[in-house]
Structures are given as structure tokens and as C-alpha cells.
């Protein structure tokens, strides 16, 4: 047994010695027959394909093509920016941040990663980090208007309006016709309760640039917000001279007429918008809203149903249907209040039914940014009325009649 062990050990040692003397075999990667320029061209082709997918919101295929592009050309900076943008669009913030940070290493002098990271942190309200990214980017390029506007936006959200204005005015120093900065400045004056400054600021720009459609449109919108309806109507009429088939301008002019109680003129503008843009539900919603204000509830319901065939998931319809049933419920409640009696319990029950239906419709709109606040308030109002009606029902209608 001892001799066997020695022999085995001897064989093992000899084997190791032989192995050590044998040249090591290494696996080499296959040599590509494609030249560097050909590789770059193929990467550029993949980038173009990926970008088309991105534009059409086909994010997974976009990511696939972008990843293939950087495999071929690892320093292709534009691909990393597009890849990060795609992850942002997918709400994959972690991956987007990672790609932007990697892009910084590829080209430390390019500000686009700082723009992207600043925007990400702004979206999630991490303003401190956003300010840091934008500010670092400005150390690379102090004239970058995207970075300046980003800081202006953050300080506006933080209600540090003077700082925000300073950044926006700095943008205009480098880019005289930057509409983002112009409109932001006007909005800040509104937020600061200085509406006349907002009006004068935009009026001055309109006078300097009378052919700038976007500025005139914004001027008209601000005038509507500030209830300067005659001047607002003038702006949209001028816009319609240049573009008579623009449905949005007709809708805005119609809205102005509604607020001036010029209902016939408003209806004409809304119908024109509907004719010009039959694929949009918005003119129908505006018409329905007008009919509700005139007490024509059945007509409004018909229009809402038509609008829903175009845009079935638009919360505007739930908001309007809530209004219709709330008004019917309130009107019926008033009739009950005038004649509270056991023989009139049918009126009470009808009022409660309308109000409960209104709550059901409003509940579908509570998460919508446009109508949520209003819907929650009206739900509360309806519930208070129902509570009073339930007390009356217990007192007057014990038999449930």
C-alpha cells in the first residue's frame, strides 16, 4: 500500500512538470474582416434604426439597436444619449442615470449628460441634485440655454422667482428668441401677482416680433387667464387671419365669447372647430360644456356620447356628466325643499339618485390633473346634500315612498 501511494504521488509530480513545460493554449477572439470605418457605418445605421423606433415609442427595439451600435462602436456618444432618453421614456430612471453617468466618462466636455440628469432629478423633485447637475454643466458651457432654463424652472418650482428670472433673462442674452424663456418669464410675473408686468412683457415682444405666431398665441392665452377678454379676442382674430383653418384658435375665441356671455358667437366658433377637426373630441366637449351652462342637459349628453366615440377615456366626459347630474340633482332637491311632505318623497329619491350618479361620474375624474380638484370639491358638495336628504327621508318618508 505504501509503495502504491509513492508511485501515485510520483506520477502526479511528473504530470505537473510535463504540464508546466507544455505551452499554454489561449483562445483568441475571432479576427473581424470589417474595417473600423465599416464598423462605424454599421453602428450609425443601427443608431438610425434605433432612433426611428424611439420616435415611434417602440422602446424595447430602440434599446436593442442602440446596444448593438455601442458594441460595434463603444465610444459612439450620441447613442448613449439616445439610450438614456429611451430609458427615461420607459420610466426606467435607474438605467437612464447609469447611462448618462457613463456618457460623462466618454466625453467629459459634452453637457448633454448634465442636461439629462438635471431633468431626471427635476422630474422626481430632487431639486438639490438637479441644481448640482445643471450647475456643473454650466461650468463646461456657460452659454447652454437648456441648462439655464432648467435652473430657471427649478427655482420657479421652489418659488424663488428672482433667481428664476435671472436665469431666464440670461438665456435670452445668448438666444434672443428662446420661447421657453419668454413664456416662463411671463408666467413668473403671473405667479408673483404682477399680471400687468406679464402682459406688458409679452405685448412688447409681440410689437417687436409681430410675425411670431407662438408669441402672439401665448399673449392671447395670458390675456384670457387675466380676464382681458376684448384684447385676447383681438389676438386670436389676428391669428385666424393668418391661419383661418386652425381649430385651436376657434376654440380659444369661442371660450372668450362664453366668458363674455356671447353664447351664439361661442357656439359658432366651437362648431367651426368641430368642422375643421372632426377627429378631435375637444370641440364636442366645449359645445357640451356650453349647453350645460345654458341648461340644455339632454343636448349636452348627446354631444358627450358623440365625443366618447372619438376619445372614450377622456376625463372631460366624466367631469361634464358629473356636472349634468349634479345640476339635475340640485334642481330636484330645490323642488323637494319647497315642498317637504310624505306625498312628495319621489322627488327626494330622484334628487338623491341624481346626486349619487354625479358622485360616480366625478369619481372617475379625481385623478385627472385638469379636473381632479374640481371633482373632489363637487363630490364633497353632493355628499353634503345627500346627507341632508337622508335626514329628511328618515323624517318624512319612513315608508320609503
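Yeah, the Cβs are placed from backbone N, Cα and C, and that goes for glycine too.
No curator has checked TrEMBL annotations; they are predicted automatically.
If you look up TrEMBL, you'll see 43-76, 111-144, 145-178, 179-212, 213-246, 247-280 marked as repeat 'TPR'. Sequence annotations record features per position, and here TrEMBL assigns signal peptide to 1-19.
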Which bits of the chain, at least 6 residues beyond where the repeat 'TPR' (111-144) starts or stops, bring a Cβ under 8 A of a Cβ in it?
81, 84-85, 88, 93, 96-97, 100-101, 103-104, 150-151, 153-154, 157-158, 174
Which whole-number mean pLDDT does the model give the repeat 'TPR' (111-144)?
97
Should anything in the same chain at least six residues away from the repeat 'TPR' (247-280) have a Cβ under 8 Å from its Cβ atoms, list it; otherwise answer none.
217, 220-221, 224, 227, 229, 232-233, 236-237, 239-240, 286-287, 290, 293-294, 310-311
Beyond a gap of at least 6 residues from its ends, the CB atoms lying under 8 Å from the repeat 'TPR' (179-212) belong to 145, 148-149, 152-153, 156, 159, 161, 164-165, 168-169, 171-172, 218-219, 222-223, 225-226, 228, 235
So what's near the repeat 'TPR' (145-178) in sequence-distant terms, Cβ-Cβ under 8 Å and 6+ beyond its ends?
111, 114-115, 118-119, 122, 125, 127, 130-131, 134-135, 137-138, 184-185, 187-188, 191-192, 209, 212
Taking DSSP helix as H, G and I and strand as E and B, the repeat 'TPR' (43-76) has 27 helix, 0 strand, 7 coil
Tally of DSSP helical, extended and coil residues in the repeat 'TPR' (247-280)
27 helix, 0 strand, 7 coil
